[in-house]
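Trainee: To start, I am sharing the structure in question, which I have written as structure tokens.
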Amino acid sequence: MSKKTIANLTSADLSGKRVLVRADFNVPLDGDGKITDDTRIRAALPTIQDLTSKGAKVILASHFGRPKGQVNESMRLTPVAARLSELLGQAVTKCDDCIGDEVAAKVGALQNGQVALLENVRFHSGEEANDPEFARQLASVADLYVNDAFGTAHRAHASTEGVTHHLSPSVAGYLIEKELKYLQAAIEGPQRPLAAIVGGSKVSSKIGVIETLLDKVDKLLIGGGMIFTFYKARGLAVGKSLVEEDKLDLARTLEAKAKEKGVALLLPSDVVVADNFAADANAQTVSINNIPDGWMGLDIGPNSVKEFQAALSDCKTVIWNGPMGVFEFDKFAAGTDAVAHSLAAITETGADTIIGGGDSVAAVEKVGVAEKMSHISTGGGASLELLEGKVLPGIAALDEA
């Protein structure tokens, strides 16, 4: 899907125009209401600065947390407005609501190149319900629309889909443009060999993506808690490891499908097991054929790491979604760390590496190699759905290029 982007709009299109920008400012705060990681705010700057430099009046909208349609004082966007003011080097006008007379007055007072931030759109139940009247009110203070919130693009909400019925043009910002470029290219026309590494605890949450990837990839590497469902399906003893009993047939089907399509499906040959689920548990490395009763697998083992590294060494494109083990516990982080370092190394030799949202992003940041990847997706659910080939409502609603 080729969409019109902010790059298609000139100063003549934008000067003096009121532009509603849907951003994703859902950043983590500490107990004192201080922002602990401003990555998402910084990620929106190229779009905001492009608009202000072309003389637009920028109206920023975002959700924050899950206030469930009620005003929640701890979920106001005030800290975001303060951080944005610092990063942009100009005062950002903060509104106390996202619709109504106060918003209209503050937006009306903006000069060309100035920025206003609306209050948390989820303080109104009409946002997540995609209520047409709420969408109309939200859009009423603007002339055109830019969506730069990839993380919510898989939801049809008022600020991601509803407003596009009232504002034209409706285009993608630079963040969404980059997401589409990397994620779609990886699926539609990748440099080969193409490998996908899928981790995480449950097969059930990744079924769609694994099935789609089996039609596209040359190699599929599986780690994380979901491996034990595959082992049990093969008839192996898995101790107290996590197993989805109702997905054993599915695991067999996926293995058969990989074989039929000529996809190299790699499961770990050894695992690090623990006597309980804790950071200080006793741990040992065992072959997958020798998992002891009463123990649970919490990471892939050193032999598996070597096998995975060998499989990735000649790949030209790699998509990674989901950790190899319980990387939050240092004792069970080695597999995830090793995969992160391997991807950083092959990126240096020209491979495209795409970190597909969620826990894998936290993992590469923890290891300190985030900067070395080709692309880090800002959307967890959205990137998975795009990789599954689903249509994202927030993207579909934008103007065609």
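Even glycines carry a Cβ here, placed using N, Cα and C.
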Trainee: Which of these, Arg136, Arg155, Arg192, does Swiss-Prot say binds substrate at the same site as Asp24, Phe25, Asn26, Arg40, His63, Phe64, Gly65, Arg66, Arg122?
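Mentor: Of the residues offered, the record points to Arg155.
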Trainee: Check the Cα-Cα distances from His63 (substrate binding site) to the binding-site residues Lys206, Gly297, Glu328, Ser360 and tell me which is shortest.
Mentor: Ser360
Trainee: Between Gly297 (ATP binding site) and Arg122 (substrate binding site), find the distance joining the two CA atoms and give it rounded to the nearest Å.
Mentor: 40
Trainee: Using only the residues recorded as binding substrate (Asp24, Phe25, Asn26, Arg40, His63, Phe64, Gly65, Arg66, Arg122, Arg155), report the maximum Cα-Cα distance in Å, whole number please.
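Mentor: The span, Cα to Cα at its widest, is 18 Å.
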